[in-house]
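Since the structure comes first, as structure tokens, the remarks are kept for the end.
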2 protein chains.
Amino acid sequence: MADLKPSLADLGEDELLSRIIPLMPAGESVIDNGDDAAVLPARNGRIVACTDVIVEDRHFRREWSTGSDVGWRVAMQNLSDVSAMGAVGTQMLIGLVLPAQTPVAWIDDFARGIAQACEHAVSQWMKPVGVAGGDLSGGEMIMASITALGDLEGREPLTRAGARDGDIVAVAGTLGYSAAGLALGQAQRIPDRLSDHWQDLADAEGDAAELAKYAWHIYRRPQPPLAAGRRAGLAGASTAMDISDGLLRDLGRLARTSDVGIVLDSLPDLSNLELIASLLGKDEDAASRAAAWWLTGGEDHALVATFPPHVDLPQGFSRIGQVTGAGGEVTTPDHLGEEAPGWDHFS
Amino acid sequence: MADLKPSLADLGEDELLSRIIPLMPAGESVIDNGDDAAVLPARNGRIVACTDVIVEDRHFRREWSTGSDVGWRVAMQNLSDVSAMGAVGTQMLIGLVLPAQTPVAWIDDFARGIAQACEHAVSQWMKPVGVAGGDLSGGEMIMASITALGDLEGREPLTRAGARDGDIVAVAGTLGYSAAGLALGQAQRIPDRLSDHWQDLADAEGDAAELAKYAWHIYRRPQPPLAAGRRAGLAGASTAMDISDGLLRDLGRLARTSDVGIVLDSLPDLSNLELIASLLGKDEDAASRAAAWWLTGGEDHALVATFPPHVDLPQGFSRIGQVTGAGGEVTTPDHLGEEAPGWDHFS
């Protein structure tokens, strides 16, 4: 009987490209693609650019994440970096390494995940977001490297330098849920493995099983607050930063770059994260586990920003602390324990 | 005794970054790096962008190529794509995957290779070229994905569409030497393994051993004619294209995109390639081996372009054929044999 599940080895490179390119939106470009390079609009004389890499068995596992989850995630990581500069994303370029035995269905699904991320970004920014080009290669494991380009719409970029004594520290987006989802997976307490079922946080509050589904979803499909970067820029934020290595580690970088101190004095209610943590062990550990997820879990890609004290926080932001003094230190309330490090890719 | 050769596992990510970033030029940017994304100048309202991936044991072997060879090659591949649009390169973003046991010396050397490529590009374009950002990850093999950005300097982009009946087909740069170098390596006839000795083609003519050194050098460090794209644009070329998959295969794409026929009627003297081929076997095979390298070897990254018949070919270009009629076919002289396919990354 014929094998009905073709792998990459059954297709040529040209055939694969002609199959997946139409699955993704092209975004706005000056010339049609198919040339050596794309030619893209770049307004106001400047462009935002960043790169992020995702590697099989490091950042995702094929038994936990579908192709579209992986496409979504790598696109979101990059678009979140663009947003953190106060910009909106416009185009992505994708370097994709695939083992010959990769099922074609997985690759189609990856392209669909990128397309879904673009669609979501369009809904946040109300501007075209697409894929301008890329390159394919064989390799021993799946690896995707995305470069995202963005448009500041005439605004000045938000950087990590510029926080001042008295500024408010605020966060947009979820924090700790991706780390909670990963912990559920590692403990083999995955609520609904590889399901695409989306559970809204609002529906889940107070129900541990529903919250676990939500965390598992965020782990596979982070929901960075893409519109928050532009809002922060319009509101006059003094700094902004994507949280990718954990709140404490990334805030530490911001504090050192701005040469300020930061005191986290207004922590949110962590009871939802505690409910998830309670699924993993004894209740007495749940509070510290939840705090660790919130302080050191980075892969939600929340946005942290500082605002001058007179500014009304834009929609989606919640105050978590204050800029005070100098020195580059981040101080947490005693009950949250010692500063825990974030993620290091090699240690 | 202490191990004096540290590997990546001995360094943290931050330490590695603070070590390699200063090795590479920053190019022209609006803000200093260290933020979530770079902010780059983009003149004339448009920007050129492309991505290329290089994978260990697919595109290079660590026993054949040094870190700086690999850095040089992946940078050159990308800058050549930018040049093929008639543009000059401005910035690169690097996605780098490294096994934990990668020697730190290899990574330093990779960064130096990127820096050397930037330096060479500056000498060709007389404009700043640098590294605007990147991302690092662990993985089972070395993989580098580079996105290059470029500036059209106000010119219209050169694409693969636009060749017209009567246009001259011309090539700039070497063709077939990278394939010859690879064949020497595969036959274990490597002239001067991992030597950085640069042998100029002019000095090597007529001497098989010197030509073999030259081919081995081009395999490890391709020398794309970076200035040729801008020259073609200024001269009024109707199309241009980087030859990365072999002249016949890439010209076939150009012919189909422009819906023209191409006749290769002015082939160069291939006696230098034949001399190299004679090192690999019986003399009677040397001519066909040399022709195959020239027609199907892509990794020299030569530039092919078409010019209206009244145009004086710019410096560095040699006529190889003519555009004639329609249909997308490329015709070679009978004595060169059947059309051979170029490189497919998965078959």
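Glycine is treated like the rest: Cβ placed from N, Cα and C.
Here is what TrEMBL records for this protein:
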type: DOMAIN; residues: B:34-150; note: domain 'PurM-like N-terminal'
type: BINDING; residues: B:Asp36, B:Asp81; note: Mg(2+) 4 binding site
type: BINDING; residues: B:Asp36, B:Asp81, B:Asp242; note: Mg(2+) 3 binding site
type: BINDING; residues: B:Thr51, B:Asp52, B:Asp135; note: Mg(2+) 1 binding site
type: BINDING; residues: B:Asp52, B:Asp81; note: Mg(2+) 2 binding site
type: BINDING; residues: B:His59, B:Glu299, B:Trp343; note: substrate binding site
type: BINDING; residues: B:Gly134, B:Asp135, B:Arg160, B:Ser244; note: ATP binding site
type: BINDING; residues: B:Asp245; note: Mg(2+) 5 binding site
type: REGION; residues: B:324-347; note: region 'Disordered'
Greatest C-beta neighbour count within 10 angstroms, which of the binding-site residues B:Asp135, B:Asp242, B:Asp245, B:Glu299: B:Asp242
Top of the binding-site residues B:Thr51, B:Asp81, B:Gly134 by count of other CB atoms within 10 A is B:Asp81
Using C-alpha positions only, work out which of the binding-site residues B:Thr51, B:His59, B:Asp245 is nearest to B:Asp36 (Mg(2+) 4 binding site). B:Thr51
In whole Å, how far does the CA atom of B:Asp52 (Mg(2+) 1 binding site) lie from that of B:Arg160 (ATP binding site)? 19
For the binding-site residues B:Gly134, B:Asp135, B:Asp245, B:Glu299, which ones lie near chain A, with a CB less than 8 A from one of its CB atoms? B:Gly134, B:Asp135
May I ask for the distance between B:Asp242 (Mg(2+) 3 binding site) and B:Glu299 (substrate binding site), taken between their Cα atoms and rounded to an integer number of Å? 10
Summary of DSSP states over the domain 'PurM-like N-terminal' (B:34-150), given as helix, strand and coil counts: 43 helix, 45 strand, 29 coil
What's the number of neighbouring CB atoms sitting within 10 A of the CB on B:His59 (substrate binding site)? 21
Enumerate same-chain residues with a sequence separation of six or more from B:Arg160 (ATP binding site) and a Cβ-Cβ distance below 8 A; give 'none' if the list is empty. B:Thr239, B:Met241, B:Arg253, B:Leu254, B:Thr257, B:Ser258
